[in-house]
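As written in TrEMBL, here are the features:
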- 5-39: repeat 'PPR' (REPEAT)
- 137-172: repeat 'PPR' (REPEAT)
- 271-305: repeat 'PPR' (REPEAT)
- 334-368: repeat 'PPR' (REPEAT)
- 435-469: repeat 'PPR' (REPEAT)
Amino acid sequence: MTQRTVVSWNAMISAYSNWGQLNESLTLVHAMHRNSVRLNETTFSTILSVCAKLQSPIDGKQVHCLVLKSGCEGFKFVGSALLYFYANCFEIEQAKRVFDLLCEENELLWSLMLVGYVQCDLMSDALVFFNRMPIRDVVAWTTLISGYSKRESGCEKALELFLLMREEGEVAPNEFTLDCVLRAYGRVGAVDQGKVVHGMVIRYGLEFEHLIGGALIGFYCSCNVMGDAKRVYDKLVNPCLNASNMLIEGLFVMGEVNEAEMIFNGLVERNPVTYNVMIKGYAVSGRADDSERVFLEMPQRTIDSSNAMISVYSRNGEIGKALELFEQTKGERNPVTWNSIISGHIQSAQHEEALKLYMSMCRLSVGQTRSTFSALFHACSCLGSLQQGQLLHAHVAKTPFVSNVFVGTALLDMYCKCGSITDAHKSFMEIYSPNVAAWTALILGYAHYGLCSEALLLFEHMLDQRVDPNAATFVGVLSACIRGGLVNEGMKYFSSMEKHYGVTPTLEHYACVVDLLGRSGHLQEAEVLVKEMPIEADKVVWGALLNACWFWMEMEMGERVAKKILNLDPKNISAYVIMSNIYAGLGRWLEKMTMRRILRGSEVKKDPGCSWIELNNRVHVFSVEDRTHPYCDLIYSTLEHLTANVNCSIQFV
């Protein structure tokens, strides 16, 4: 073109933007400005949207300067694009300044500002802003509901807002609102309330919309109501792949593998997600070979497929195959790929290798996720490596995950297991909105270290925060009562489990109560409890009672209990050892020798104990007559030298 007007430039900039060639669009604006062509409101609104999508704050701020010089900020679409740009770049304070400056002349900014708060996960600010809005249309309601529904613990608030929306009657929900609400009901497992929303969907004539159809199937699958999920699916005309994938996944979860295979085989079209669902489904069903077959049959493998298969190999104990596939993904790996192989090494008890992989991640500047740190803190727990855990804590402190509930729970669990209960408590205090797992981990930590009062006080504080306890929580509470000898309190908590909290006692809980009664001398009550249990006692429950018999030297009951244990597990060495100790303590030497003779004649051997020391961020493990350490000759010679010096000192004295 011999002459280019601003319209010509805008047409080209807009075209590149619409086709997703954002950098080219930005380059054109630079050329336009260099050629002294005056940018107008259309140019500004388009290029600010491009900067927002690119999340390029430097370019966007330069454009903002040009907007201020030109005086175009008063145009509605320019002001909206400015706010959208800052919100999309997570510069919410700048977005708020734009809003405060232009909101009186531009009503479009209200909805955009609300979206900005939600995008930045500032839901408290979003709610306050929402209540200030002069007009709250269906988009505003849906934005807020959607924001809460995507939060880990926000579904209840999302559903509360939906009920408020219905009560106030300002606007009717649309398909996007109902989609969010159905997914939220699915996450909390509220079948009856979700069915009411299904009725609303039918009333509004949205039942056959692909978006709603998929949401309904997802809701029923989440609530394990597969009959209704299949009925919704069968009514859909040409169901979309998203709906098919969700149903296949739900069928696998319920163990209906043949049904899932039928739907998969009947699909005319499949996408990588379909194959990934089958790979994971077969793996969960214990059919790793079928997972591998589907993976190899894929016409086009994606990195997500490789990630899924690495996880399958790892869970199946085939870490060699997982590593081979990991090497094949070089050049396209993402954080999930690294997390999968790290988790695979941890599942194979190769914890040090997992930590080395993390160091490789850091060297290659691969971004970490919450799963990265959760897995690695677990590896440090298994190693008993406090130094490595502290180094990782220093890394996570520089990331947004420091207050994440999953990372925080893994961190405090690591500190508990590595012997630093003070650091565990500090880590708990850093967690934003701790869930039942976080509370339980700290309660178990306090109980393990004999801080019984602190553990029970923490439990009461947890109830005050309206966090419902689960089965693991009560194991921690009962363990604290055992350590503190608090029989009455322990029995009170045990009796309240099912009555007040709907937690059915398991064998682990019964073992705790038997241990509690036995240690405090209530042996008869403990034996009666074991006999009257609604579930058959296992060797752990009987073992707790046998330990109590040893503590109180109760021979007759000990003999009965040992017989029960040996009937369940004839090779149980601890029963023989404990009875031998009871006989020795009571001077019954003939019976003791009989127990020892049985032990010597059996093929059963006691697992050797071990000790370990951490030096220069590495854990060194030692057991009796162990010669596997690379420096074992030097260690033994040093030990002999020390022993000789000690003996000389004793003789001299």
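Note: Cβ is positioned from N, Cα and C throughout, glycine not excepted.
Regional average pLDDT for the repeat 'PPR' (137-172) in the model is 90. Across the repeat 'PPR' (5-39), DSSP assigns 26 helix, 0 strand, 9 coil. Only residues 6 or more beyond the boundaries of the repeat 'PPR' (334-368), in the same chain, are considered here, and those with a CB under 8 A from a CB of the stretch are 303-304, 306-307, 310-311, 313-315, 317, 319, 322-323, 326, 375-376, 378-380, 382-383, 388, 392, 395, 399, 401, 618-619. Note on the repeat 'PPR' (435-469): DSSP counts are 26 helix, 0 strand, 9 coil. Helix, strand and coil counts under DSSP for the repeat 'PPR' (334-368) come to 26 helix, 0 strand, 9 coil.
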